[in-house]
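A.B. asks: First the structure, which I've put down as structure tokens, then a few questions once you've had a look.
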Amino acid sequence: MTARDTTPRLGISGRIAATFQANPLTPILALLGLLLGVVAVMITPREEEPQIDVTMANVVVPFPGADARQVEQMVTYPLEQKLSEIEQVKHVYSISRPGMAVLTVEFEVGVKRQPALVRLYDKVFSNQDWMPPNLGVGQPIVKPKGIDDVPVMALTLWTDDPERGAQDLAEVAHTLETELKRISGTRDVFAIGAPERAVMVELDAARLASHGLTVHDLAGALQAANLARQAGERVGGDGVAQVTSGQFLADRDDVANLVLGVAGGQPVRLEDVAMVRDAADTPSSYVWHGAPAGRDGPASGVAPAVTLAIAKKPGSNASDITRAALQRIDALRGQVIPEGVHVEVTRDYGLTASDKAKTLIQKLFFATGSVVLLVLFALGRREAVVIGSAVVLTLAVTLFASWAMGFTLNRVSLFALIFAIGILVDDAIVVVENIHRHMARGGKSLREAIPPAVDEVGGPTILATFTVIAALMPMAFVTGLMGPYMRPIPINASVGMLLSLLIALIVTPWLSLKLLKRHAGGHAAHDDGTGDSGHVEGTMAARLHRVFERVMTPFLHPERGARRRYALFASMAGLVLLAASLAVFQLVVLKMLPFDNKSELQVVVDLPEGRTLEDTNALLTDLAAVLDRTPEVRDYQGYAGTAAPINFNGLVRQYDLRAGANVGDLQVNLVDRRERSRKSHDIAVALRPQMADVGRRHDASVKVVEVPPGPPVLSPIVAEIYGPDYERQRRIGLALEQRFLATEGIVDVDTTVEADATREVLAIDRVRAARLGVAQSAVAETIAAGLSGMDATWVIDGSSKYPRPIRLRLPAAEQATLDGLLGLRVRGGDGQLVPLSELVQAQPARWDGAIHHKDLLPVVYVMGDESGTVDSPLYGMFDLVGQVADNAIDGQRLSQFFIRQPPDTAGFGIKWDGEWQITYETFRDMGIAYAAGMVLIYLLVVAYFRNYIVPLVIMAPIPLTVIGVMPGHALLGMQFTATSMIGMIALAGIIVRNSILLVDFINHELARGRAPAQAVIDACAVRAQPIALTALAAMAGAFFILDDPIFNGLAISLIFGILVSTVLTLVVIPLLYYALIARRHPEEATP
């Protein structure tokens, strides 16, 4: 050999190792990295799910008296056109109802809240000239919505004390709002179900008439009397005195004793013409708390309740806030919270986030420990310490980098680290294993052996690291809700890979020099038939050499080898196709994400329009009886006429807008998952038919809603019906709803078509009103006051957090018929009182259902879910697609759209949405990311090997991962999900690393003069151990996420994909490369 061969010039990897292996700065850098990791764990906010910028806003525009069609034409259409002009708006939805339009602006995911809202406010309030003055349309109200509006905590106050009721609980809740708002990091604290307290002035039409008074007279007198002013200063001999004139109405007695006039020399007070009482208004909602027998809850049945919801500010630590809230509640017992009032924690996302973080950090340690044990058995105790130290240091600095990039400690970011354990350790394993091998060869001191050992694998290790990054990083650019949800995985793993490479080149040589001992004896090259190269040393290496020699020799035969190689390659291609066909034949089911094992469920109920609040409450009570028979239920809360505290799913579905006598929710809290054998999804599946039976008895729609494992949608299966005639769209919607109901496996079917409801129009005789000098506005306002109430003014007592209205209204008993209402009087032009019965006439009419729009097109929604044996909405949807294609719906053939809505309303058509849309977008973007990763890997390998064909050989095992991934899912009976796809993308980079190590070693051997066949066998034998170690390390890390309902797809892809592709790579890649050499240089390929 020449001198240049024996003392090769070191590359960048060897020079870095030589610089830092004995540098006193190295341990300081390592210690600093560990400290940064500890600080990151302490200061990084903990949340259960990643923070996603989902900026939405509702623009509410009142138009009193207008029907739905008038609202649509005069308010909705003009405002939709303006809102659609705003930059980065994804969708504009609207609902036109009688008297009101609600428009929802949904911005693109990732758009920052403040700039988006500034653009929205500017567009709304700079274009108010679109509405003619005096039309009667009210001022638009903009209500922003975002992820931070989702409460992280819910505290339900309830009592079974018969002396206390909902009003008493409301007073406690309002006091607690102030106390809890003092906690740092809280954003919004509000009560749900607190009845409104008011000074009720119950009108008596006869007594009002006897004193010559009208509703407007009472309102004017109350407003005039409820006035105080700072009159000024009076300067006298005793100094300056501040003068205040007038006084406010401070309580019920002030209101009742208000003098309205004088009759017969006696004052006429308000209580002389109306019943005045300070009490809760007629309830518009009921909230109650219950629990199955044997659980902590009301002794019998359910108890009245009020729920306090607590949201947090962006960037705040949910676990800190909820912990502080509980401490504050404990401190206020006996002071603000009286005896007999119970406080039940019905949501604590801070606790679940902290528990999840602790569990995942434990798994992180277990995964690290498993990798260290693996190295311990394979290489030795000191090598295991070196690699274990490198992994811990890598995790520490990666956690700090994650915090610096703005990520929180959540399930996805921590799963990213657990998943990355196996690949973060690769660089250290390859470096330490090669140092170990060079030590075994002997002839050099450890200080002399480390730089060339690192340099030998440094080039391919750097290349392999960047190929993994190239495979992962394109996933960071996935669009839609799924993009930011999964973004911590590619970013954290890629940053971790880069840091692990630096640590492997800087810290690992230093640790190796300090900890690895020269082996006594056996250092000389061991001749095992490989010639004098000395590249295959030791008993294990000799055994591997013999194994690969037996396996590879038939394929390297000068005459029959080529035919055998082609047969092998063809069989591999056949296996790939066979594995991929498992999805086609539904042996592997495709689904966006599987359901997680949560501790909560929600039951959403809708009764037909026109049903009373008592009807809704009765339905919820019957549904609660089903929950009482379910052993996993801890407690539940009923919300009749209002919505339960929303979660992320409720935010996207706009559950917070659910209000009215015919709607309700049941919030179901399950016992901890460690205390039950059934998962929450299994419980939901079991409850669904029982709940549906109860719903049918009440003629109601009942849906069991689970917390989605990822980005939520309106419903798992959504059919959007478009067309030129909205009434026909409604009929088609009802007909399609029947198709949904008749399709096996589809449950929770609902539609936005509202049932007909009773409507009475009190038509005013304008001619008679004009003759009597009565303004139509006075008649309309009096009618509204009698039924809905008129808030004339407010009680100002200085002790209530919320002002109490002084509300004029007929007693509830007199509202049931028109007689009491029409007995009210208005004042005519001559001052005489005119009964309403002489001015109006009741006419029956049809109540207009709501009109929905999406992106300026009228739409009717039909929704459902899949709960069959397949349990994937995609299959139920495509079953319906076939039915719509083969049959006319309501006598109409419908065009079907899958990616975008119809461009216009020229014909009737269906746009399929729901989970299908997000699945299509996610897998489309992931497919693009996968392709981009392949291109980047190819370019990197081309740049390294300076060849266009060799990279194709190196990338050949990527398709082989399918042979492991798909059968692995089928074997375990698991669905192929988005996380499974992430695993496949990561596999591309991991498997290419193995190919690079093999091909690079073959090239080294060829450069040393070895025959191609022998070089191939040597490469397999020498690189088998580091390849197997890195593969086992990645599989060990994935094993610890195998039990997670969401990320087990990722684990299955990694475990089975690595297992199969690694074994095949050790055979297929060397043979492919040998075939390439044989084709180019047949004389060199002859053994």
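In case you wondered, yes, glycine gets a Cβ from its N, Cα and C as well.
Where the annotation comes from TrEMBL, it is an automatic prediction and has not been curated.
Okay, these came from TrEMBL:
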TRANSMEM  25-43  transmembrane segment
TRANSMEM  360-379  transmembrane segment
TRANSMEM  386-406  transmembrane segment
TRANSMEM  412-432  transmembrane segment
TRANSMEM  453-477  transmembrane segment
TRANSMEM  489-511  transmembrane segment
TRANSMEM  566-589  transmembrane segment
TRANSMEM  927-945  transmembrane segment
TRANSMEM  952-972  transmembrane segment
TRANSMEM  978-999  transmembrane segment
TRANSMEM  1020-1042  transmembrane segment
TRANSMEM  1054-1076  transmembrane segment
A.B. asks: Could you give the residue numbers and ranges of same-chain residues that sit at least 6 residues beyond the transmembrane segment (25-43) on either side and whose C-beta is under 8 angstroms from one of its C-beta atoms?
C.D. replies: 361, 389, 392-393, 395-400, 402-403, 409, 503, 506-507, 510
A.B. asks: Test the contact criterion for the transmembrane segment (566-589) and the transmembrane segment (952-972): 3 or more CB pairs under 8 Å, pairs 6 or more apart in sequence, then answer yes or no.
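C.D. replies: Stretch pair touches.
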A.B. asks: Examine the transmembrane segment (360-379) against the transmembrane segment (412-432) and state whether at least 3 Cβ pairs sit under 8 A, considering only residue pairs 6 or more apart.
C.D. replies: yes
A.B. asks: What parts of the chain pack near the transmembrane segment (978-999), using Cβ distances under 8 Å and only residues at least 6 beyond its ends?
C.D. replies: 419, 422-423, 426, 430, 457, 460, 463-465, 467-472, 475, 482, 486, 489, 493, 592-593, 710, 919, 922-923, 926, 929-930, 933-934, 937, 941, 944-945, 950, 953-958, 960-962, 965, 969, 1019-1020, 1023, 1026-1027, 1030-1031, 1034, 1038, 1046-1054, 1057-1058, 1061-1062, 1065-1066, 1069-1070, 1073
A.B. asks: For the transmembrane segment (412-432), could you work out the same-chain residues 6 or more beyond its ends whose Cβ comes under 8 Å from its Cβ atoms?
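C.D. replies: For the transmembrane segment (412-432), the sequence-distant neighbours (Cβ-Cβ under 8 Å, at least 6 residues beyond its ends) are 49-50, 356-357, 360-361, 363-364, 367-368, 371, 375, 379, 383, 386-387, 390-391, 394-395, 398-399, 402, 453-454, 457-458, 461, 464-465, 468, 485-486, 488-489, 491-493, 496-497, 500-501, 503-505, 508-509, 512, 986, 989-990, 993, 997, 1026, 1029-1030, 1033-1038, 1040-1041, 1044, 1047, 1050-1051, 1054.
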A.B. asks: Out of 453-477, 489-511, 952-972, which stretch has the largest tally of CB pairs under 8 angstroms to the transmembrane segment (386-406)?
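C.D. replies: Checked against 453-477, 489-511, 952-972; highest Cβ contact count belongs to 489-511.
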A.B. asks: In the same chain, who gets a Cβ under 8 Å from the transmembrane segment (489-511) while lying at least 6 residues past its ends?
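C.D. replies: Contacts with the transmembrane segment (489-511): 13, 16-18, 20-23, 26-27, 29-30, 33, 385-387, 389-390, 393-395, 397-398, 401-402, 405, 407, 412-413, 415-417, 419-420, 423-428, 430-432, 435, 450-451, 454, 458, 461-462, 465, 468-469, 472-476, 982, 986.
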A.B. asks: Which bits of the chain, at least 6 residues beyond where the transmembrane segment (952-972) starts or stops, bring a Cβ under 8 A of a Cβ in it?
C.D. replies: 572, 575-576, 579-580, 582-583, 587-588, 934, 937-938, 941, 945, 980, 983-984, 987-988, 991-992, 994-996, 999, 1049, 1052-1053, 1055-1061, 1064-1065, 1068-1069, 1072-1073, 1076
